[in-house]
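For reference, the structure discussed in these notes is given below.
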């Protein structure tokens, strides 16, 4: 309801701070333009609890990305303060933040996802890797420090860079179209096909404004239904709630592979979730409204 006090959480201290600031501003501007009693709070530093206790919001729109918004700490804090919010629970956030844990759960339930394992100094030295492969931090977002490697030399460089962000995983490389689906609780939106500026949808491709987006994706009716069902099943298996996004690769044999689940997706002008909603005829303001009104 519009008489509720809403805090938009954005910023934070993760490597995705700048993207989060843009998401937060877009969401805050939308809420205010729609008549909501909304204020923005930068979650950086150590004063977040004090700010929330002072403001006493009814709901929080979580526009934090990376560890600050997706590792479960903010969800846990909001739940302890009994503040409804737009992201997943602490438990689900912890799981989805760690790509390896998420992948192991999905594989246990026979969901289609590329094979992967943790990458260590020992494994790099053994030189028994099948190329090409993807190397990335196990935790993190926006494809920061994510590499396609085709040789042991590239592998060593990628491992060195990715390890700056924590544990590193190496994943089977799957060639195909990059597809994504946004979800808000029981609402599953249209798939979006991304044609990245670079070889894959890396950090530069995401924020340069040069990638091409097809929304709707152009999948046939049967495949559109299939990818939406897979997205919702993955969302449910990992215990997600509120706003999330499921990313896929769609190969030339007609197979979908779940790449990851993002429990606090971007909400900038260039972000994928608003494009997914727009393909259903839901504009940005309406999408923001749906997300905040379904906060749990």
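Counting starts with 1 at the first residue shown.
Just so you know, glycine gets a Cβ as well, placed from its N, Cα and C.
Here is what Swiss-Prot says about this protein:
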type	residues	note
BINDING	129-180	ATP binding site
BINDING	247, 260	Mg(2+) 1 binding site
BINDING	260, 262	Mg(2+) 2 binding site
DOMAIN	103-293	domain 'ATP-grasp'
Cβ-Cβ neighbours of residue 260 (Mg(2+) 1 binding site) (radius 10 Å): 22
Collapsed DSSP category at residue 262 (Mg(2+) 2 binding site): strand
Secondary-structure category, per DSSP, in which residue 136 (ATP binding site) falls: strand
From 136, 150, 164, 171, 178, 262, the binding-site residues whose CA lies within 10 Å of that of residue 247 (Mg(2+) 1 binding site): 178, 262
Rounded to the nearest Å - Cα separation of residue 150 (ATP binding site) and residue 262 (Mg(2+) 2 binding site): 27
Rounded inter-Cα distance in Å - residue 171 (ATP binding site), residue 260 (Mg(2+) 1 binding site): 12
In the chain carrying residue 129 (ATP binding site), residues 6 or more apart in sequence that have Cβ under 8 angstroms from it: 123, 149, 152, 155, 170
